[in-house]
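Novice: This is the structure I want to talk about, given as structure tokens.
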């Protein structure tokens, strides 16, 4: 109530108050020059000093604030305020002088490492990094230089024989890797085919026949019908209707097969982290592939029971 009355007084006088000190002076002047206006009914006389002191400006100073540009000076002043005997004892030894010089340095100071910063190539070749394990042992320029030196040290016939031998070695490695993938060797399989859950899904799919096995043959037939439809539109429209029926059958089979396979995998592997959608998509993706083109190759025959 006291503050609202004071503010109303200032507004009623229409004063140009630029500071709280001017407001305080104006209120004090009205209190002393117009005693009839300010009587005990409006405000007790004992509260007048409180009203005047309310609008007193509070002094503000940045002397005690540590600013970035006077941090060192503040530290120096703080050190001078300490006791003289302690300062004399601290400066008596060289160890304490080194500590004081380190303390006076900025926080942005970084001590030297004692060695040069390694290059990116040196850092990547450090043991334990990805480049050290799987990266190329030498750069393209280095390998090209060695290849030129090797070619210069051989005759033309020897160089051709060397290239032929290297090509045969590469083919042999690729054949061995493909054979290992067909057998289902985990070391050579793609990431999508690894794991006991995926192996179990492959066995479930390879032991039965599905409508989805005819996806690729039907796609080829539809491609031929697109060209024939120019001359026989009635036949093309009829085959389009048949194709829609097959597509609906494929969609229904995909949903049923995905749910059934996911349920079987969770019963066989209760602690699996594979999601049901991932299992179903993997199963139907293998169904749509022709049996001879599947990788890894089927390890069970059609009609076998998969436990």
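Glycine is no exception: its Cβ is also placed from the backbone N, Cα and C atoms.
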Novice: From 154-174, 175-195, 238-258, which range did TrEMBL mark with transmembrane segment?
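Specialist: Of the candidate stretches, TrEMBL labels 238-258 as transmembrane segment.
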Novice: When you get a sec, could you say which of 210-232, 279-301 is annotated transmembrane segment by TrEMBL?
Specialist: 210-232
Novice: What parts of the chain pack near the region 'Disordered' (163-182), using Cβ distances under 8 Å and only residues at least 6 beyond its ends?
Specialist: 188-189, 295-297
